[in-house]
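One structure is given below, encoded as structure tokens.
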Amino acid sequence: GVISTDGDRCVIVGENGVSYKLPGAPFEFQYSYSETPNAEPIAIREPAYLPFAPPTMPRPWTGKAPLKKSKKNIPLFDSFNPPPPGKKGVKHVEKPGPFPFGKYPKEGKTREEILGEPLKKWEIKMLVKPLLSYNRQVNLGRDGLTHNMLDLIHSHWKRRRVCKIKCKGVPTVDMDNVCRHIEEKTGGKIIHRVGGVVYLFRGRNYNYRTRPQYPVMLWKPATPVYPKLIQEAPEGLTKAEADEFRKKGKSLLPICTLAKNGVYASLVKDVRDAFEECPLVKIDCKGLQPSDYKKIGAKLKELVPCVLLSFDDEQILMWRGRDWKSMYGDTSSTLVPVKADISSGIDNSAKSSDDSGTPDAQRVVSSPKMMSLWRRAIESNKALLLEELALGPDALLEKVEEFEGMSLAIEHSCEALVLSSEDGSSSSSSAEFKGGSYSEDENDNYSSDDIIDDEDYDDDSFAEVSPSIPLGSLPVDKIAERLRRESK
């Protein structure tokens, strides 16, 4: 509730921590919008007060006495009142846009009116490409999106249509949360995002004169006291079980080491994948401040989710919990071999299960595409279906070696056509080559029975062995042609 008031200005402690309400403000101000714990604070470290300048002060509070008036009369130029052309050192305001052909800027008040029509792909590329190697940016650190960054982003928008924001450290664990708060508080639109770098578009109808103006926080308020993250007996465990897990965690290898001011966008996925293999996961955080890895642990507790066990030795030790479920479902059925013949199709297996009334416990349900691939592999002798399920390692190795040799022989062999005569002896399909022509005596020995009738063979049987190279194009054909000419 409200714990301090000064007229219309008050300090409120609620679910989002400590917030400050000012008259005419669009929302309640906070020091940090993205890095607020989900738990409610249990105490305040110091008396609550507004971190803004009092409204009775005649000048903005800078923490110092006002400077003496300078003897030099330095002309001050504003971008809306530009100096004469040719004056150096003057920066101009970036005009609104870009606009589709035939349309002009409109005076917008709501966020949708200021953003205008969605940007096209070529417009996004045109706006982002000059900023890829641009070093004028807003740096977002461990405190996340702070209140003073709102005014800083608008100062960037005064000169350019897109503001480049570079995020590092704790907030990068949950980049979706950071992007959502940036869009909500600034009113812009994120048009491109690479890792921890975000490109924020101000809108087609943005006007710097009508921008929302926020008071600047002059000092950082103290952080409230929140409940402890590490408990002696966490949820679902007794104290003895928790101590046993912590003892095992000391000899556990960490899955990764977090670098200081790094980008941790894939940390949640890495922890979830590690929980598939082990109920305990440890992350090495050496070099990080204690407040940083404690914030990371609190984020992982909500996002993974998991149970935090300890922060000892600058390491985060987590347990996946009793209610943990695998991301890949129950994979125990996929380890059971299939008894049914795959080549018989799915319909037969479905009918047999319906007729019996009780489905087979060892049958694996697969997609029709996978069954067709298995059937094609078995028919082409590229896969082996084991009918004997209780095979030892030696017997299984022998079958695999036998199948491998058979498949290699089939793959590297081709069909041969052998013509047999009446006496059972095979005759050659070609005669000796003498002087570039066949001898007449050998041609007379062929009888009418040895002539092959074309009707006995289908054209399809020779489709696979038809020559792909036209006759007369090989070097041996040219040599034979030259020998024929010489013999004549």
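Cβ atoms are placed via backbone N, Cα and C, with glycine included.
Remember, TrEMBL labels are computer predictions, not curated facts.
The feature compositional bias 'Low complexity' is assigned by TrEMBL to 421-438.
Residues or ranges marked as compositional bias 'Acidic residues' in TrEMBL: 450-462.
Annotation source TrEMBL lists domain 'CRM' at 117-213 (among others). Within the model, the domain 'CRM' (117-213) shows a mean pLDDT value of 93, rounded to a whole number.
Under the heading domain 'CRM', TrEMBL lists 235-331 (among others).
The region 'Disordered' feature in TrEMBL is assigned to 74-103 (among others).
Under the heading region 'Disordered', TrEMBL lists 421-473 (among others).
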*Using DSSP, how many residues in the domain 'CRM' (235-331) fall into helix, strand and coil?*
38 helix, 15 strand, 44 coil
*Please spell out the DSSP helix, strand and coil residue counts for the domain 'CRM' (117-213).*
40 helix, 21 strand, 36 coil
